[in-house]
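Going by Swiss-Prot, these are the annotated features:
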BINDING   Gly48, Asp69, Ser76, Asn77, Leu78, Gln79, Arg80, Lys93, Asp137, Asn138  ATP binding site
DOMAIN    288-377  domain 'Rhodanese'
Amino acid sequence: MLNFRAKCTTYSLEEYTRYSKHLILPQIKLEGQERLKQSSILCVGAGGLGSPALIYLAASGIGKIGIVDNDIIDISNLQRQILYTVNDIGLSKAYIAKKKILEINPTCNVQIFNTRLQSINAIEIIRQYDIIIDGTDNFGSRYIISDSCLELNKIHIYGAIFQFEGQVSTFNYQGGPKYRDFHNNIETENNPEDTCSNAGVLGLLPGIIGTLQATEAIKIILGYKSVLSGIILKYNAMTISFEKFKIIHTQFILSQPKKKIKSLLVGNSSYPVQEIDVIELQNELYRNSFKYIILDVRSKEEYEESHLDKAVNLPIKDMKKRYYSDLNLQDKISFIYCSVDSRSIFAYNFLRKQEFKVIRVKGGLSSWTNIIGNEKLYVKSC
């Protein structure tokens, strides 16, 4: 329970009317509403998950809300990021999110951080809030949030979406598991943590998962005991079903991290990343002075749509099955790419663990098409 000594605050007639449906609930009443008003929540990411979470947190009467996001609104966001409209395209997500929140609840104190959460700023930002809602979609950001919350003793409410499935959990709650405990226990093939742009997502799915994250935050503030600590709640939109899975602890969860995240990490099996940009890759391919193989670690469907010339498709889900054994990777250098970065980081660490010579291509196929164009690029004809 947060704000267990919440002081009685003065409510206007408008506020009594606004929160009247809360005030008549015996589980909330005036005391619970005061807890909400005196609490602070930081939402890292104002996209698919952040949009519904921010809307309902503001409407519920959270007193202070922080938003971390440096993205610009794109038309492709509108399918799932319900805070934004066509009139907002090209504008800052953080700025527009604040504007919309204040339209919902003008009494809310909204702070925006128009930046990306990184190891150099995470502690300073996160320390200002009681609860952190994780609306990110990549390994690095989630580990930074997890480690910062552990250091500052903050609650980390995790959410993730992939195609038609989503999951929610609460980490670092009263000595419970953290994100690293969960991530180190799930199957590689189910955990490339692809972004929506990489793998697609049903538009309404983040609305469900983001709302569940906001619900967890409110329950914690009000002191409810039925929190998703040590449990992953998984939702399948195709079958309209929920499942719960227990998280197995992999280490003493209260131990502080030896150092903050300063590089790309995957679980506890990380390596100094050897990487090149697409210009350097192009030059290496022209020289052709050593034995190499280009590995496209995206899905088969993405590979068939477009891929680099002579690239071999090795989806992440197939790595656990050792489908790479016929490629003789031990005899050559492997250049790895995906759509942007997230899956190639995962693949890099996995193959390095097998002691293969691996180089990651920064920015992936997206960077290649933006900088180099269609040269040495196969694109499926219509």
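Here the Cβ of each residue, glycine as well, is placed from N, Cα and C on the backbone.
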Under the DSSP assignment, what numbers of helix, strand and coil residues are found in the domain 'Rhodanese' (288-377)?
38 helix, 21 strand, 31 coil
Look at the binding-site residues Gly48, Ser76, Leu78, Arg80, Asp137 and tell me which residue has the greatest number of other C-beta atoms within 10 angstroms of its C-beta.
Gly48
Which whole number of Å gives the largest C-alpha distance between any two of Gly48, Asp69, Ser76, Asn77, Leu78, Gln79, Arg80, Lys93, Asp137, Asn138, the residues noted as binding ATP?
20
